[in-house]
Structures are given as C-alpha cells and as structure tokens.
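Database features, via Swiss-Prot:
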type	residues	note
BINDING	487, 493	Mg(2+) binding site
DOMAIN	554-613	domain 'KH'
DOMAIN	623-691	domain 'S1 motif'
C-alpha cells in the first residue's frame, strides 16, 4: 500500500495521519502528528479466537519513549521499564471508548500499542494516541464499529478551549477528555475547579461536536486505503438452547434478583446456574451444545431479567427507588496512631481511608519524559479480594486500582490547599474493605473525612456518587448510587464528585449508543441531589477540618534566610546542620531560595532548632552586648564566639579597665563572658570589648 497522508486543523494544532510507510506487517498502523508530538500506533488482530476463549482479549499499551523528550532514563538500566502511572492511565483512556464497539461474540485477540516517539512539551500524548488507535483499528479490517473521535476540553473566562496546551491547562478551570462515535458520547474523564453541572455538560457537548472532524478524516483515510470490511460472522443464536434454558430456569432467576443482600443473591443465582448445568448436561452432548454457549445464554437471561424488572416496576434489586441512596454510616478518628482516618460505609460498600502528613522530602519524584518533578499529594487505592468475598492475588497493583485511585484523587484535588498554605506532603490511602458498587466514590467520601480528621485545611467537604442507566428503546431509568450488579448489567457508569458548590470530577463510561443530552442532564441533576444528601450525612460526623493536627503528625516551622547564609547553616561538610538535627531530633529541609522547613513531632524541639538557625544566620550588630564563650587565648587578646560560626577579638586592652599583663591571668578557654561589639569592619572582622560592658554596667 502506498503512503497515504491526511492533514487537518484541530483547535490550534495541525494534526497529520499517515499510513502505508511504517509498521506495514501490523493489521493497522498509523503515525499521528500533533504539531511536534509524534506517535506510532499499531493494531494487530488474531485471525481466529483461541479455543475455549470466553472473553474479549483486548490489550492496550501506551508508552512514552524517553528519547521523545531528548532524555536518557534515570534508572539503573537506562531504558524504559514497566508502565508508569501516567502510561497506565492513558492506556485505560484509549481502552474504555473502543471496547464497547466490538461485537459481544468477538473473541479474537487484539493488541494496540501506542508509542510516543517525539514529544512537544506543550502537547501531551493522550489525544493523539486515542485518535491513532481509532484510525489503526479502522484500517485493520476487523469488526470495529468505529471510528471514534477524541477531544480535550479546557474552560477559562467562560469559554471552552479545544485541545488546550499544557500551559493553558495550568490556568484552566477544567480538564475534560471526551471520546465517542459520530452519534454518541462513549467516555468522559475530567477534573474541574468546582464547576456547575451545566458547564460540565456543555463541555461534553462541545467536545463531541468538535471531534466530528476527526471521525470524518479517519473515514476518508480508510476509504482511500481501500480497507476491506471484516469477514467475521457472529455465531448463530441457538434458539433451541435458549428455550431449554428458560424451561429449566422458570421464575427462579427473577426470584433470585428479589434477594436484597449481595452475597445471598450471588449464591442463589449460582445455585440456579449449577442446577441448570446439571439438568441440561445430558442434552449438551446429544444436541451438540457446548458449556460455554450455555453459560453465555444464561448470562444473557440474567441481563434481561434484571433490566426488564427494573424498567417494568421501577424498583431496584435491593428494594430502593430509582433516586434513593443506600444507608450511610460515617466515623472519623477510627485508627489511634495515624494522622487522620475515616470509615465510610454506604450499603455494602465500605472504605477505611487514612491520611498521613510528611515533609517536602517525602514527596514522590517522578522521572518523566519532559523532566523530573515532585508530587506532593499522593492518593493510593487498594482493592483486596476479600472486599468481594473472594480469594485472589494480594498486594499487586492492577490497572483498575490505579485508575480508581486517580479518579478519587481528582475528586478531592479542587479543595486541597496549596503548598504555600499547608507545606506538607500528603498521602491518602483508601482501603476498600467491602464492595458492592461505587468503591471509588466511597474513597472520595472517606478521603474527605480523613483529610479533615488530620487537620488538612480543605476548602470544603467532598462527596462522590455513581449513577447508572438502563435503557431499552425509548424507555429508560437513571439510577442513583448503583450496585455492582446494576453497573455490570446496566448501560452506563456515571461517577460525579464535588462539594455543595460544584463538580470536581466527572467520569462516564457508556456501553450503548443513543445517550441523549437530556439523559446526561437528568443524570447530573440526580447526582447533585444524591451528592448533597451524602454531604449532609458526612457533616454529622465531621463538618470541617480539625483545628489541631494529630499529636503524632509532624509540626512544621518555616523560616526564611538570605540565600547567601545557607552555607553557614549547612556548615563545613554538613557539620552544622547535622549537629542541629542530631541535638534536637528534628528534620530540616533547606531550599535554594533560603526557605528552611523544620519538622518535628515535638514543638519544643522544633523551636530550639529554629532558635539555633536564627542565631547562625543573624548579623552581628555593633553596639549590642552578647554573651559568648572564650574560644582561643592569644598573646594579644582572646577570641570569643558570640554566635555560631562568628568569633570576635577582645584585644588585651579591652579585657579590663586595669592593666592586663598576661591574657591568661584574666581569661581561660571555655569561660563565658559578656562582650560588647565595638565594630564590624569591611572584611567582617569583629572587635569586642569586655571593658565596655563593665563600664556600661558601672554607669547605671
């Protein structure tokens, strides 16, 4: 295939798609250029599915090459290693809108690799990667119901910004990524500075409208490339098996979905499934049916039973109305020795969240393609297998945990104090101890409580809620505070976090087309009502940050010195600073601009360290009387230390009003004496006098 190039303007940026020259053995390959950011995105699809494959094995890997930014990796091996958190998040960002566009029965392995090969510091690789994945899939000749478009939306001064630069995002009140087909929004990921629901919805609509240009260009690219449509044919539906299943199941699935407790409901459905397998085991061999086919059709009946009951009765699995939030219990200060903690329980979803305060040196150093930087607000989300009553691997962080942790972090970021306001490194850890839907939003609520319990001056409490949707034709219901089954069997997962004033984070994943603006508006308004209810419940436990930090949290004292005096505080070979930290038990951080932060759990120790630093850095004042220690005896006088690192000379003539023959007759090394500063000359030499102090005292 000859090289094909398509170029178009996308916001302020020029985007180019190229295919036919590089990676020609892949099923589909595209080079995407957005100004100076360049990615190679490839798709390889297996010709057939593995035997017995019962899920769609789609993998997406996004990688930023260090050479893209003109850097060599800082690791020991000097090469790219396992995926960073950013790479994992962008891999998920690519995956989420494309996965629903493959047929349910398609089980062939598909791998997407997006490599950033040149990186403009002002243009991140996420949007080009999503565009490239869409184009490469469209060229691959597989049953992909795309293409999709993707756009990033900023918001400043009442105006939406299409694909803002990194610099523009720093000033923006919004960072929102939206992806979808020509007719439908499929995915939204965002963080916001407490914006209204209308502004958030407007950003989604704006982004979807602008991305139409991307979809048109990809359609043009695939048409010119002459991509043959996929010859994959879905397996024929086994009507006889479906009839047999329905006869054996009867009304038992419907009865199981009336059980309100999750584990009992799960066990009841499993019992029905086991009985069905046992009853139909003989017919499987006779009719030529296979077990995988039976289990698939059983799952389809599960799906249909729950959805039909919900649409017909407007009553949910656990007996709630559509808008009702599950019962909430809130506790704070649940762990005695930590700096802040909260226990948030909503129905059968529960999180213990802990806040730890540290100093600036506890921040995480990130070795990124664009250079090193330090992260001082860390949020970690853990989802152990026991939280859903299962056995499984423990301690290995999965992509889902990274994604949920980042969403929860976005939820509280808008209310966090700046480093100038609260100069601590803050780590929040959410331990999910029970899960039946919306554990990431429980983490938002729990983190808000733990932060306030730790005394972090957040601007306002934050709560989060997950919304769902069940839609059949023109009939639909929007669900507040969804259960795990409602998420799994529903058409939308719509998470909203924020304060009473506005939205701080919005995440949406939609499995179907036909989600209208009106449905999204209803979901946002219903989420607001639920969020305010949850905030009210949280306020009963703790409505504002505690006035005092935990007794076990470090206290920080900050002082500012002239940068020229930093070397005095450090001392030769670090001797001075080491002595202070050892004597006082404090931790001291010195910045290049002269800012010194002293950290200690003991207030008195921190104050002593501060006093000693102020002594070292203070200037000697002529005319002032100091108490000093005799450091050295000379024939012509004595050197007296009046401040750390500052010695002055008391000439023999200034030791006493009487004549002094030998200095040693009056002074000895180690003597503590009071001296007056007579002069500090241009070379910084200090002249002192004991005699002047005696005369001054005598004159009073």
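All positions are counted from 1 along the displayed chain.
The backbone N, Cα and C atoms fix where each Cβ goes, and this holds for glycine too.
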Problem set entry | Confidence summary for the domain 'S1 motif' (623-691), mean pLDDT rounded | 90
Seminar exercise, completed: Between the binding-site residues 487, 493, the one whose Cβ has the fewest other Cβ atoms within 10 Å is 487
Problem set entry | Conformational class of residue 493 (Mg(2+) binding site) under the three-state DSSP mapping | strand
